[in-house]
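Annotated features in Swiss-Prot:
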type: BINDING; residues: G80, N111; note: anthranilate 1 binding site
type: BINDING; residues: G80, 83-84, T88, 90-93, 108-116, S120; note: 5-phospho-alpha-D-ribose 1-diphosphate binding site
type: BINDING; residues: S92, E230; note: Mg(2+) 1 binding site
type: BINDING; residues: R166; note: anthranilate 2 binding site
type: BINDING; residues: D229, E230; note: Mg(2+) 2 binding site
Amino acid sequence: MPQKKLLNMLMAGKDLAREEMTLCMNNIMDGAFSDIVLAALLALLQKKGVTADEAAGAYASIMARATLCKLDEDAVDTCGTGGDNTGTFNISTAAAIIACGAGVSIAKHGNRSMTSQCGSADVLEALGFAIDLPPSATEELFRQTGFAFLFAPMYHPSMKAVAHVRRELGIRTIFNMLGPLLNPAGVKRQLVGVFEPELMDLYGTVLLATGCRHSLIVHGETETGAAFDEPSISGPTHILELHEGVMARHIVHPEDFGFIRCPIEDLAGGNREENAIIIRNILDGSATRAKTEAALYAAAMTCYVSGKASCIDEGVCMASDSLESGQASCKFTAILQLNRELSGKHKALIN
């Protein structure tokens, strides 16, 4: 489709068919559009709102170009959309570490920050984790520790064509929305935080179509009702649960699981070094109650979708034990040590 026609369609608020979106994304990934046209496309698509067909079409284009990683389909991804502008620390990353300490296999897909100060890749790097392991080394790390971090640019090299425009725009785009759908390990269990409640059904449709076994799509609210793309200890959390092809909706509150409400400001993060300190403090027991409970809440849901906990309450017990017993800290130390060894071997080979 000519770019002028495409822009006019989006300006008129018209939706693209799945096949049209696949062709559009092919052109984006091939660098066929100038930066100005690409920025306009992303902004107009965001303003119009992405449909399930458009998401599926874009997914098909991007995954056709992805480098895949052979892990366990029952591993859990805790990748969220980001873009909620709350400025919190990296809750889902802390939750992934805690859940891994509880025996949950983690295949976390993530990237550097595009719309916030610190993405999951940034904070892991600040914690001493080499994010750029090749797939073979990542598979070995997962085999030995049950933890993998899948750095998006390593597995989606075609995304490089849009990275600078996304960074310059600094707004939510279809790529924020697509991120959790693009795990190169093909995981079937996910905890997905979304920045808009309208995205919940869209995710449900796409995840079911891609063979999801058990996922929780969550949209939290702060104490003022502002959007939060994590399970919220500041207000209610809306959940769309997908389990073996069945959808169910829930609304839960932090008090339901023994957590104490706090203002969103109590979960404030900072730059990568500051967020790394927060995660270290959570692991060693010196973090504030609010930050610890925010991480535990997300870790509990991670344990639940993994199948190791039969409900979120049991997940809270598993996550709390992982943290309080020191299992999470010990596990992360082992992950970092093996990660460094594998990174060193890889660098020696390429040099």
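Cβ atoms are placed via backbone N, Cα and C, with glycine included.
Within 10 Å of the C-beta of R166 (anthranilate 2 binding site) we count 21 further C-beta atoms, all protein chains included. Only G80, S92, from the binding-site residues G80, S92, N111, R112, place their Cα within 10 Å of the Cα belonging to E230 (Mg(2+) 1 binding site). Of all the Cβ atoms in the protein chains shown, 22 others lie within 10 Å of the Cβ of N111 (anthranilate 1 binding site). There are 18 other CB atoms within 10 A of the CB of R112 (5-phospho-alpha-D-ribose 1-diphosphate binding site), with all protein chains counted. A coil conformation is recorded for D229 (Mg(2+) 2 binding site) in the three-state DSSP classification, outside any helix or strand. Of the recorded residues, R112 (5-phospho-alpha-D-ribose 1-diphosphate binding site) and D229 (Mg(2+) 2 binding site) place their C-alpha atoms 17 Å from one another. Per Cα geometry, D229 is the residue among the binding-site residues N111, R166, D229 nearest to S92 (5-phospho-alpha-D-ribose 1-diphosphate binding site). When the binding-site residues T88, R166, D229 are ranked by how far their Cα is from the Cα of N111 (anthranilate 1 binding site), R166 comes first. Under the three-state DSSP scheme, the residue listed as 'anthranilate 2 binding site' falls in the helix class. Using a 10 Å Cα-Cα cut-off from H109 (5-phospho-alpha-D-ribose 1-diphosphate binding site), the binding-site residues that qualify among G80, R166, D229 are G80. Nearest neighbour of T88 (5-phospho-alpha-D-ribose 1-diphosphate binding site) by Cα distance, taken over the binding-site residues G80, R166, D229: D229.
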